[in-house]
Amino acid sequence: MLLAYTVRPSNWSFTRRAYSATARAFNQQKGLLPLPIKETVDMAYDLHLPERSVIGKMPYHSPEPIIFYHGLLGSKRNYRHDCKKLATALQTPVYTVDIRNHGSSEHALPFDYNTLVNDLVHFAETHSLGKVNLVGYSLGAKVAMLACLKHPERFSAACIIDNSPEEQPHIKPLLTALVKSCVKLLDHHNVRADDKLWRHKASEALKKYIPDAGIRYYLLSNIINNPRVVEYRSPVINYDDGMLHFKNPVRHMMDFVTKEVAAWPTQELEGKQFLGPVNFIKATRSDFINPKSLQAINQYFPYHNIDEINATHFILNERPQEYLRAVTDFFKVTRYQLEKKREQDLAKIDQLNASESLKSARD
């Protein structure tokens, strides 16, 4: 029997601190209730264990589990079936998490890449996971890359799905449109939660801004129309007002998508590399990974592989079997090929250093 455990944070104690000037000014301008400030949050998660284990009963803390990190406006629920398959195919536990301001996790500031990396490290430490493998998609992919570069001792390997380690001003319009369309749905279309046609009306409202039906379906998966099923009650969302709401504090997230989502801390990461194996899955009809991205990928991740799949950026929804096969093949085969190449390169360096030392001693 396949096992899955769901855990939600409860009884959070909020750290009361002054907001950053940017966040405070933005919230005041929009007349928003303030989000609490927390350096780290305990992310909600699902734990998926293999359906059939070749080693009998799988221990809870198996070596090198996988943490699956979703994208902007995603959640662990979107990929629970995929992660169940991964757990069985790879015979390892797979944790799917909700990042802050998503799914069942706490709504809090700051909401930036460094904070999301801190949440990830906090999660691994809290659950005593040791070294782990990462699978990240879109926003989650950028967090995974940053985590590997800033904390290489904590991560063994990573699978990066359609994102690259660089500044990406060209992706900002798409991601801004996603969040802005959600805000417009709430602010300009009074769809009641008890309306039997709420899903159709919400989809039609989003259609004005998001013509792609698949993307609208992705966004609609975040809507709450029944306050009794809310797993986390946000301090800035009134679930009992009879209207539709998103699981995300989308109004508060606009500052992130306009200023942070396309960023990359080039200066902070100068000279840093992650020497573990990394697999990039590129969607061929997406520009999140483009020819110019290869230089940055080579710079930060010298032991990498790139798989290509015919899809748009929403590759997980469009090509689930193909991307799962690519992830599985990487962790089963390609990662070990890359590790072997790394060991060969290190052996050559050691040999050269030994030769230089011997030559110096003779001189």
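Yeah, the Cβs are placed from backbone N, Cα and C, and that goes for glycine too.
As recorded in Swiss-Prot, the features of this protein are as follows:
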type	residues	note
ACT_SITE	S138	active site, charge relay system
ACT_SITE	D162	active site, charge relay system
ACT_SITE	H313	active site, charge relay system
DOMAIN	65-164	domain 'AB hydrolase-1'
TRANSIT	1-19	transit peptide
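Mean pLDDT for the domain 'AB hydrolase-1' (65-164) in the predicted structure: 97. Over all protein chains present, the Cβ of D162 (active site, charge relay system) has 26 other Cβ atoms lying within 10 Å. Across the domain 'AB hydrolase-1' (65-164), DSSP assigns 44 helix, 22 strand, 34 coil.
Remark: H313 (active site, charge relay system) has S138, D162, L174, A283, S286, F288 as non-local neighbours, by Cβ distance under 8 Å and separation of at least 6 in sequence. A coil conformation is recorded for H313 (active site, charge relay system) in the three-state DSSP classification, outside any helix or strand.
The Cβ neighbour count for S138 (active site, charge relay system), using a 10 Å radius over every protein chain in view, is 26.
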